[in-house]
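Below: the structure, in structure tokens.
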């Protein structure tokens, strides 16, 4: 039994390392999406056409993999599953699509990333309300998850609202290739009216609600439909359908559907294959293995990644407030992850201590047999359950179980 517990712990440790590495890579992938999506919109790519191309490319990447790799895992497709996939697409693809609002508010890519750092708190509340996340307020692990979530959101808020003195650029780009790809960032439409800024903030907060709902809803769907790639494929498919319906009303000019430059092609390919196809697949795997709160709590790391990438690629200034916020985010992330790890550890210990025999009468007979055999000089069976008392009640000594093998010899 001890070897089984150790084996479970080793598997848990190796999987936990994979989950952390996957989530870190995922946040840097999304950070790159903030950069290239800003470039795409400033190059003139339609804010309706862009997500259509993005999700078509993602479907082209994930669809064949799901079809061939999950033939045996994929349950029968029913109307109930189709409705759930449609709702996932409505929240995760259409509802949370930041592209529709980037034209208004994405003057500094760090802002769009930072305002989304309310996602951990919203996801935590949703998951707790739906009982997908256990919160033991009276225990250390529960308090650590609550305090860590607040710290992550607070750190992201500091990065957004407090700049502080500037710090030297991490690296100032001087390559002509970089300038040619991202010269559209220095467009003339970077000054926004206050009403547009406010509208954009409200829209982004609505997207955060949709993003949190998407993360939380995937967990119960995966329990009934365990084929992860297939769920992602159906989500992208319905997302394409929904955006095509939107485009039929708001983007009727065929000229906007054309790709005019290599820069536009690069941004669309990155958004489709990296920020959608690969990212969605990694994210749903992490949700399945780590839970929705585990995935959401990594969201503030995206703010740090965007700030670093914006400083490297765009030459944006890095401020002291960003350092303070990043430290607070890291502390909060550690607290949440420690809380979840402690919760699993306590769960394993509780499961180990609560192991009971399946058939209680058989165990009663087994205990009596142990005593009778011991009285005859035979070594008792040492494979009894851990839940049996070490000192048996003396009343069992008077129990006489008739058995041919135990009859006294004349």
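For all residues, glycine too, the Cβ spot is worked out from N, Cα and C.
Confidence across the domain 'EamA' (209-338), taken as the mean pLDDT and rounded to a whole number, stands at 87. The domain 'EamA' annotation in Swiss-Prot covers 209-338.
What Swiss-Prot records for 196 is N-linked glycosylation site, and it gives sequence analysis as the kind of evidence.
Under the heading topological domain 'Cytoplasmic', Swiss-Prot lists 1-16 (among others).
As annotated by Swiss-Prot, topological domain 'Cytoplasmic' applies to 69-74 (among others).
Annotation source Swiss-Prot lists topological domain 'Cytoplasmic' at 131-141 (among others). If you look at the topological domain 'Cytoplasmic' (131-141), the same-chain residues 6 or more away from its ends with a CB under 8 A from one of its CBs are 124, 216, 219-220, 291-293, 338-340, 342-343, 346.
Annotation comment: Swiss-Prot describes 218-229 (among others) as topological domain 'Cytoplasmic', evidence class sequence analysis.
DSSP labels the residues of the topological domain 'Cytoplasmic' (286-292) in these numbers: 6 helix, 0 strand, 1 coil. For 286-292 (among others), the entry in Swiss-Prot reads topological domain 'Cytoplasmic', with the evidence type sequence analysis.
Positions annotated as topological domain 'Cytoplasmic' by Swiss-Prot, on the basis of sequence analysis: 339-410 (among others).
Annotation source Swiss-Prot lists transmembrane segment at 17-37 (among others).
Cβ atoms under 8 Å from those of the transmembrane segment (48-68) belong to residues 37, 40-41, 74, 93, 97, 99-100, 227, 229-230, 232-233, 236-237, 239-240, 243-244, 246-247, 250-251, 256-257, 268-269, 271-273, 275-278, 280-281 of the same chain, restricted to positions at least 6 beyond its ends. Here Swiss-Prot flags 48-68 (among others) as transmembrane segment, drawing on sequence analysis.
According to Swiss-Prot, the transmembrane segment annotation covers 75-95 (among others). Under 8 Å from some Cβ of the transmembrane segment (75-95) lie the Cβ atoms of residues 51, 55, 206-207, 210-211, 213-214, 217-218, 221, 224-227, 231, 234-239, 241-243, 246, all in the same chain and six or more residues away from its ends.
Taken from Swiss-Prot, the feature transmembrane segment applies to 110-130 (among others), supported by sequence analysis.
Residues 110-111, 114-115, 117-118, 120-121, 124, 134-136, 293, 297, 299-300, 303, 307, 321-322, 324-340, 342-343 of the same chain sit 6 or more residues outside the transmembrane segment (142-162) yet have a Cβ under 8 Å from a Cβ within it. Under the heading transmembrane segment, Swiss-Prot lists 142-162 (among others).
Positions annotated as transmembrane segment by Swiss-Prot, on the basis of sequence analysis: 197-217 (among others).
Residues annotated as transmembrane segment in Swiss-Prot: 230-250 (among others).
Taken from Swiss-Prot, the feature transmembrane segment applies to 265-285 (among others), supported by sequence analysis.
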Checklist entry - Quick one: DSSP breakdown of the topological domain 'Cytoplasmic' (131-141) into helix, strand and coil? => result 2 helix, 0 strand, 9 coil
Next on the checklist: At a C-beta cut-off of under 8 Å, are there same-chain residues at least 6 beyond the topological domain 'Cytoplasmic' (69-74) that contact it? List them, or none.
Outcome noted: 225-230
Checklist entry - Within the topological domain 'Cytoplasmic' (69-74), how many residues are helix, strand or coil going by DSSP? => result 1 helix, 0 strand, 5 coil
Next on the checklist: Please report, as numbers and ranges, the same-chain residues at least 6 past the borders of the topological domain 'Cytoplasmic' (286-292) whose CB is under 8 Å from any CB of it.
Outcome noted: 15, 19, 22-23, 26, 123, 126-127, 132-133, 215-216, 218-219, 222, 226, 228, 340
Checklist entry - By Cβ distance under 8 Å, which residues at least 6 away from the ends of the topological domain 'Cytoplasmic' (218-229) in the same chain are close to it? => result 62, 65-66, 69-70, 73-75, 81, 84-85, 88, 92, 127, 130, 132, 281, 284-285, 287-288, 291-292
